[in-house]
Amino acid sequence: MSREKSEKAVNVQVLLRCRPFNEDELRNNAPQVVTCNEYQREVAVSQSIAGKQIDRVFTFDKVFGPSAQQKDLYDQAVIPIVNEVLDGFNCTIFAYGQTGTGKTYTMEGECKRAKSGPNGQLPPDAGVIPRAVKQIFDTLESQNAEYSVKVTFLELYNEKSLILLGHEEISKEATPEGEELIKCGKLNLVDLAGSENISRSGAREGRAREAGEINKSLLTLGRVITALVEHLGHIPYRDSKLTRLLRDSLGGRTKTCIIATVSPSIHCLDETLSTLDYAHRAKNIKNRPEVNQKLMKSTLIKDLYSEIDRMKAEVYAAREKNGVYIPKERYYQEESERKAMADQIENNQKQFEELQVKLDAQIQLSSDLGIKLNNTEKNLDQTCKLLATAKEDIKAYQYTLTEKDFIIAEQKKAAREDRLSAVNRSVVNDFQADLAEKIGSLSSIIVASMARQNEQLQCVEKLCHSCLEVHNKIEAMRNMVHLNKAGIKASVEDMSSMVSSNFSSLGQKFHDSQEHTSELSKFIIELLDKIEEETHKLDCHAARAHEAQTTSIADFQKAYEVDVRLVGLRDASIENMAFLDEHKSIMECATSDAKRKWQAFSAQAENYSKDGADFSTAKHCRMELLLQQCVKTVDGASKHWKKTHESINEMSSEHVTAVEAIVRNAVESSEQHYLEVGSSGTEAMENAVKNSDDIRRHIDRLTEHETEAASGIIANVKTHLGTLKDLEDDHAGRTTDIVRHTQNTFQNTYMDDEPSGDTPTRSETDVPSKGTIESLRSQPMEALLEEFRENNPYESSKEPKPSLIPRSPLIQLN
């Protein structure tokens, strides 16, 4: 039986796919001549013959219209074929049709242009080949079995076969027992060339020869199909390499599927009819597919023995001719099956009867429910009336409860006002005491701050007096400088008298004296500049102190403006305290800075005094040394003159006249040079005296200016002391006024809510208890309905009114 099933003939499966109109056909409004009916699997082609409209209808295994997608074709037609390949069959799928009808698109798709989706999914335009490969690998991976997949990629062009991708044939495996077990499936996916005529393809020369070779292959394929359909003795497989490769797929042991592609346009009508005729003829080809699997010998022998035993039993039954021509085992088996079917029919009959009974019960129940519904509608009208009455009663009860709630709320309000008045009175008293305490502490703090400011001002006054003393010392230094200048003048005169004996030594000494005088002048100028700088700093400090005092006075005036709010007064007091602390710290910093600068100035003045004394001492010593050097020089010159006189006397008499002329010229030049040096010395002395007088006058001007500045500072300090005193008195007066105003406000102006006697005396109101009020509240709707149903049973003797809601009568169900 298994062999008979495997050798059973199967027709070639033919699918037809019609592509949609392309852009050129839509632009030219080409008529449609092909109509696809996917449900009836028919394709109708409209053609005009001799002026008559004739429709030719072709029936195929499956038909896919222009709107069909790649996935639809693959799911319906190709998935079963791939599953059969995995079961061990050889299968072939090839596309046939005119060029441009979608053969390559159907087989390959457009995977190169589109990107893969998430998780390795293929794009929607993927064709049969990529989808089949993906299905094969997914199925083999899900079975968790060992497998081997081999791929061969052939190209048949101009009757030449090119192996683009190949493998070695390995198709046998050895089992552990040493027996052969072969199971393999083969899937051929073929994309044929265009089937149009050479004259219609538009090819020329080389292209025409290529088209001729292609048509030769397709014509041979058509002859093979015709021979197979007509069951001819000779099948021309060897006339073409294409038919030789597809030999097993056409009339062999392979399951074959042909996908015919056509165009719906009238311009391709002839080629469309040729393709449809070709595909329709191929439908009649029969193949005998066989599973590529050989069972083990033991299993095959066991099946054969079972078949032999069964056939022997049938022969024995036929030979006996006892009325039963089948084996007893089969007879018993059929009897048991017949009894089982009879039992099943009986059970089904019982179930049918039970269902019929239930149906009758449901019909009766529906009828009863209809009657009850009518009665319920009648009772509903009565309930609506009672509900309206109950709502009126509820409104009356709610109004009474609202009145009682209002009375209770008014009484609670009066008690709350009494408590609030008592609490406010105690709060006001506490605030008055707290405010008086804070204002007193603020006044004491301000008085202490003013005292500290007075002390600081006194310190500033002392500093100013000290500054005047410093100026007196500077005056003393100036006198000392004047005395030094007189001493220097006397020394210069002595030096001038000594220069007459030795011009060269006197010029050198006078130059040294001039340098020392310039150094002294520079020192005095630097000292005066430093004094002027310190005086300027004192002026700046005095100006900053004056500025700070002015700012503090302005802030005091702003802080004590009229402000009747008590919270504002407290905030202003806090701000004044913070400002006074800040002003205190500023004054302390200014005082410490002034003390530090005064100490530095005193030390510098002392250093200057010491330097001046040391310089005068050094100058005096230097003058003495210079005088001693002059004396020594004169002595040496006299000794040298004596030696020269002696040498002259020793000269010969013949040279006396010449020597006397030379001496006379030397004496004259010496006297002339002496006169020039004397005039230069006198002029230098006059310049020194003049410069000393200028320095003295400048020191006098600076001293006078500093004295005036110190007097101005003392006057400003006294003025500020008076202003601060006035400010202190004003602040104390204002603070006293604030305290007096606060006491007056809270003791005399603030009025309590005195009882006027017009309000009626409190009386005990007859207020119902909480339980009584709760009993007057309406019950929930569910409780009211339950109570109403208990008091008014379903069987009512009153005449019901017709229902207000129109309802259609119930139809009795059969």
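Every residue gets a Cβ built from N, Cα and C, even glycine.
Taken from TrEMBL as is:
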BINDING   GLY97, GLN98, THR99, GLY100, THR101, GLY102, LYS103, THR104  ATP binding site
COILED    301-393  coiled coil
COMPBIAS  786-801  compositional bias 'Basic and acidic residues'
DOMAIN    11-285  domain 'Kinesin motor'
REGION    747-814  region 'Disordered'
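Positions of TrEMBL features highlighted on the structure.
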residue : record           : Cβ within 10 Å
GLY97   : ATP binding site : 31
GLN98   : ATP binding site : 23
THR99   : ATP binding site : 18
GLY100  : ATP binding site : 16
THR101  : ATP binding site : 26
GLY102  : ATP binding site : 20
LYS103  : ATP binding site : 26
THR104  : ATP binding site : 16
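GLY100 (ATP binding site) falls within neither a helix nor a strand when secondary structure is assigned with DSSP, and so counts as coil. The ATP site is defined by GLY97, GLN98, THR99, GLY100, THR101, GLY102, LYS103, THR104, and by the 8 Å test on Cβ atoms against their centroid, the other residues of the chain that qualify are ARG19, ALA95, TYR105, GLY194, THR261, SER263.
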